[in-house]
Amino acid sequence: MIKIGIYGAKGRMGKQIEECLKSETQAEISILYNKGGNLEELFEKSDVIIDFSSPSGTHELLNYARTMPKPLTIGTTGLDEKILHLMQSASKVMPIFYATNMSLGVAVLNYLASKASQMLRNFDIEILEMHHRHKKDAPSGTAMTLAQSVAKARNLELEKVRVSGRDGIIGERSKDEIAVMSLRGGDIVGRHTVGFYEDGEFLELNHTATSRATFAKGAIKIAIWLSKQEAKMYSINDFFRNLKCVQL
């Protein structure tokens, strides 16, 4: 049995992963780690670690991992460039998987949105994400991943064209503008819409998650797979290509 350590075990995703692991036949829980716990014990007793914590938590995890390399499956969102750079550096000595969303449906949405962005170059792009009232970061990591994909498909720098809100008399929408909007309320697990709008028609691509178990089960499958991989950086596409279930 592969021993999985859960880093950020008290969070919503941490609790969901713990629950899903109870019925997993290939893996079991080694340590439930929360802030202030024993990192040395986490690394010693785990074959692979799943991280759904916070940006500061992920930063701490990566720093410690350099002293005791272990496969890391990271799903924490809101990471800045400093942490992403640290992640890339650490992946030279251990396998690291990072994704802002670990569902097959979102991977396909990202692929389709990129293709649509290329094919519908004259269409305006707007992205809307909806989550529960407790979500701390905005826009969601998934929304930003989608925005990066559609911008890249048009050879645009997202930082120069992204709009995160509109208010007052702001003038007409610019040609290359990509809006990323956030809604928060209730217990919405996650809904992402990428819309392409032109005079007389529009196309909207949607993905809705109805249970966190979708992401938890995905994270567990990825962690099991990652435990057998060599040191490098991995993405959701690497995982799905390995399964040969979809070519992205």
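Glycine too: its Cβ is placed from the backbone N, Cα and C atoms.
As given in Swiss-Prot:
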- GLY8, ALA9, LYS10, GLY11, ARG12, MET13, GLY75, THR76, THR77, ALA99, THR100, ASN101, MET102: NAD(+) binding site (BINDING)
- HIS131: active site, proton donor/acceptor (ACT_SITE)
- HIS132, GLY141, THR142: (S)-2,3,4,5-tetrahydrodipicolinate binding site (BINDING)
- LYS135: active site, proton donor (ACT_SITE)
Fill in: Sparsest-packed among the binding-site residues, when each Cβ's other Cβ atoms within 10 Å are tallied, from GLY8, GLY75, GLY141
GLY141
Worksheet item: If you measure from the C-alpha of GLY141 ((S)-2,3,4,5-tetrahydrodipicolinate binding site), which of the recorded positions ARG12, THR77, THR100, LYS135 fall inside 10 Å?
Response: THR77, THR100
Worksheet, complete the sentence: With THR100 (NAD(+) binding site) as reference and a Cα-Cα limit of 10 Å, the qualifying recorded positions from HIS131, HIS132, LYS135 are none
Worksheet item: Are there residues of the same chain, six or more positions away from the residue listed as 'active site, proton donor', whose CB falls under 8 angstroms from its CB, and which are they?
Response: ARG184
Practice prompt. Would you mind reading off the Cα separation of GLY8 (NAD(+) binding site) from the residue listed as 'active site, proton donor/acceptor', to the nearest angstrom?
Written response: 20
Discussion item. Quick check: with HIS132, GLY141, THR142 left out, which same-chain residues have Cβ atoms within 8 Å of the centroid of the (S)-2,3,4,5-tetrahydrodipicolinate site Cβ atoms?
Written reply: THR77, THR100, ASN101, GLU129, HIS131, LYS135, ASP137, SER140, ALA143, GLY190
Fill in: Euclidean distance between Cα atoms of the residue listed as 'active site, proton donor/acceptor' and MET102 (NAD(+) binding site), Å
16
Response to the item:
Among the binding-site residues THR100, THR142, the one whose Cβ has the most other Cβ atoms within 10 Å is THR142
Worksheet item: What Cα-Cα separation, expressed in whole Å, is found between LYS10 (NAD(+) binding site) and HIS132 ((S)-2,3,4,5-tetrahydrodipicolinate binding site)?
Response: 17
Discussion item. What are the sequence-distant neighbours of THR77 (NAD(+) binding site), meaning same chain, six or more residues apart, C-beta distance under 8 angstroms?
Written reply: THR100, ASP137, SER140, GLY141, THR142
